[in-house]
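Colleague: Let me give you the structure first, and then I'll get to my questions.
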Amino acid sequence: MFESIDEAITQLKAGGMILVVDDEDRENEGDFLALAETASPETINFMATHGRGLICVPLTEEQAERLQLGQMVSHSTDPHGTAFTVSVDHSHTTTGISAFERAETVRALADANAQPSDFKRPGHVFPLVAKNGGVLRRAGHTEAAVDFAKLCGAKPAGVICEVMNEDGSMARVPELRIIADQHNLPLVTIKDLIAYRRKTEKVVTREVAISLPTEYGDFKAVGYTNTIDGKESVALVKGDVGNGEPVLVRVHSECLTGDVFGSKRCDCGPQLHAALKQIEAEGRGVLLYMKQEGRGIGLINKFRAYKLQEEGYDTVEANERLGFPADLREYGIGAQILRDLGIRDMRLLTNNPRKIAGLEGYDLNIVERVPLQMEAVAENERYLHTKREKLGHMLNL
């Protein structure tokens, strides 16, 4: 069904194009992808004719900052966190819309010697800012384009375009397979790109391991750092988790208010303690504690979201009012930590389908979902209903 990442790299190095599809639980879309530095009028015309989507140029954060490409909007509500900047045309262009002029703009955006003054704003080409760490941090087409460019030894920028069917609907894998065969293009998945990078790169470092006696039992606490954002994470390990048998795992996002202060606004604290109790009872398991306060928006922004909830907004609406997706968490770092601990198959303590998809996208096998439902109280009943209705959490309320 899909070609290998090596085949895709070979095609791109030769100046060609590939088709890249993401996870069916994410956008479930395919994009044409080429290197920005080799973009030609023919590249742009092909994408516009056969892709029919928006032609964008994924860049590194450093290049976008150097070219002074500000965010398209100050508060994005895109649930996938796509980081559009202001659109541009190269200063040498006329209208900027022709395939020839868009190709010139695309190549210039990849040029390490380009200057902010080389571009007119707004324009007809849409830069996107890739997350540092690429698909190991965010499993999107933006990051895939920059990762492929780096793997090719090219300037770290790509050009992408979503693929639609002739009737205007989004092309899914069966249609993308036909298109790839018609035009002799490798069809690859972001999941395979993640696996490829995981085999050749490591972004987490095991720093130190200690014994940690707790009120629930004795654990080994393993401290990790990562090279993407420098954040620290902790794995509380019980027993031998690297023997190949499925391991009971809880990936828990930091919640100062719930975990430490006992806040009743959420169910985080009770979930944390229940997970530790369950792991201790089984005699084997891992609780991974991630620095993802407020579903990834940070402590102060979580307080701002709480303030909006006091004014009548629910937890999802509050995040969106602040310009954040409903859930900003990413699972690549956690997945690498679990693999470092020797875990491949797991029984995941979660109610969140997005967490399942996020970890499986990093080549981890979830053999069972173990529910972790806490009894609702008056203070968090609306919060839990919102998680079920708007975020798809599997809760019985």
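Backbone N, Cα and C define each Cβ position, glycine as well.
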Colleague: Which one, Gln271, Gln373, is listed by Swiss-Prot in the same GTP site as Arg250, Val251, His252, Ser253, Glu254, Glu293, Gly294, Arg295, Thr315, Thr350, Lys355?
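Modeller: Looking through Gln271, Gln373, the residue Swiss-Prot assigns to the GTP site is Gln271.
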Colleague: Here's one to test understanding: among the recorded positions Asp31, His124, Ala139, whose C-alpha is closest in space to the C-alpha of Glu254 (GTP binding site)?
Modeller: Ala139
Colleague: Rounded to the nearest angstrom, how far is the Cα of Cys268 (Zn(2+) binding site) from the Cα of Glu293 (GTP binding site)?
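Modeller: Taking the Cα atoms only, Glu293 (GTP binding site) lies 11 Å from Cys268 (Zn(2+) binding site).
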Colleague: Calculate the distance in Å between the alpha carbons (Cα) of Arg295 (GTP binding site) and Asp327 (active site, proton acceptor), and round it to a whole number.
Modeller: 5
Colleague: At the level of the C-alpha atoms, what whole-angstrom distance separates His124 (site 'Essential for DHBP synthase activity') and Glu162 (D-ribulose 5-phosphate binding site)?
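Modeller: His124 (site 'Essential for DHBP synthase activity') to Glu162 (D-ribulose 5-phosphate binding site), Cα-Cα distance: 16 Å.
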Colleague: Within 10 Å of each Cβ, count the other Cβ atoms and name the one among the recorded positions Asp31, Glu162, Glu254, Glu293, Asp327 with the highest count.
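Modeller: Neighbour-count leader: Asp31.
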Colleague: Expressed to the nearest Å, what is the distance separating His141 (D-ribulose 5-phosphate binding site) and Asp327 (active site, proton acceptor) at their Cα atoms?
Modeller: 19
